[in-house]
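Now, the feature entries from TrEMBL:
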DOMAIN    33-204  domain 'PNPLA'
MOTIF     37-42  motif 'GXGXXG'
MOTIF     66-70  motif 'GXSXG'
ACT_SITE  SER68  active site, nucleophile
ACT_SITE  ASP191  active site, proton acceptor
Amino acid sequence: MTFTEHPVVGVLRARRSARSTPGKRHDTHRVAFVVEGGGPRGAYSAGMLTALKALGLIDAADALFGVSAGAFNAAWVLAGQSALGASLWSDPAVTSQTFRGRNVLRGRPIVDSTHLVRTVYTRQVRMNFQAVLDHPISFHPVATDADTGESVDLCPLVSDVESLKLALEATSTLPLLGGPPVKLGGRRFVDAGVSEPVPVHRALQWQATHILVLRTNPATVRPEPIPRHQRWFMRAWLQRRAPGTVDTWLARFEREMADDDVLERHETNGASPSILQIRPPDGAAGGIRGFRDLAGMQAAVDIGHRAMLDAVGSLPES
């Protein structure tokens with residue numbers, strides 16, 4: 001089955017042709033875009049989302065689910081600022097504040113999502129948080145409950161700008177590197193990557209009928225077992241700060257392998273709900289050397305944009 005023959009693409013095309021908009025549908029489908037996280041690899045999904053915007057396909061979605069960097073990218077889209085959000089991946093003024101190694105000497109987070117949301121996105125480049133809240137496409141940032149280890153859709157906990165900011169912090173607070181769990185709705189949360197790096201199960205829980213998954217790794221990159229030294233450091237941190245996540249994190253490799261199998265089965269065998277994954281090309285693996293690799297970041301945005309165009313950009317207007 002080619003991309004253009006895939007049921008997910010068919011629904012996107014039909015909705016675009018019908019000029020269907022969120023909340024005013026002429027069909028019974030529930031379409032979700034699911035955006036993987038991955039730190040610097042989020043540059044790929046930023047490019048994919050700008051391509052969907054250029055193709056007029058964002059409004060074909062009913063819900064956007066995102067993890068960590070993927071949630072940030074989704075928020076920029078719903079804010080009506082997708083181009084701005086994508087440009088930040090190669091903006092030295094922003095990337096220099098995303099990963100700050102010297103913070104370890106000050107006892108502060110190396111990857112400080114609170115600073116990113118409260119300072120960079122609030123005072124410097126100014127995300128339109130209210131537009132995200134007002135958008136008819138529902139926004140579903142996903143995080144890990146620090147006390148149960150469960151993957152949680154934070155959408156029901158978001159009701160105003162303050163809770164939206166907390167949700168963005170929660171989905172991206174990395175264990176060990178990102179500071180203590182974030183409190184929201186009487187619960188504590190850490191990065192969703194601990195429990196569900198690709199939040200497809202939250203989309204299934206939402207009863208999606210068609211899911212477009214924006215991946216940030218090529219298909220040739222498979223989950224790997226957790227290195228022994230990482231097990232030691234992470235277990236110690238999690239037991240102290242987020243004890244409910246220890247078993248969840250230790251089972252990450254097996255869970256990610258199982259999730260990939262689910263995604264591939266639904267993508268290739270016509271299983272319901274219908275799922276389509278868009279990935280960077282195989283040669284993109286290892287193309288980004290970190291948050292300070294500005295050229296690599298911009299290239300990743302461009303690669304992600306092209307990958308989406310190659311998949312769905314040739315759809316005829318009808």
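Cβ coordinates come from backbone N, Cα and C, glycine included.
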Helix, strand and coil residues within the motif 'GXGXXG' (37-42) as assigned by DSSP: 4 helix, 0 strand, 2 coil
Cβ neighbour count (within 10 Å, all chains shown) around the residue listed as 'active site, proton acceptor': 29
Structural state census, the motif 'GXSXG' (66-70) (DSSP three-state): 2 helix, 2 strand, 1 coil
Rounded mean pLDDT for the residues that make up the motif 'GXSXG' (66-70): 97
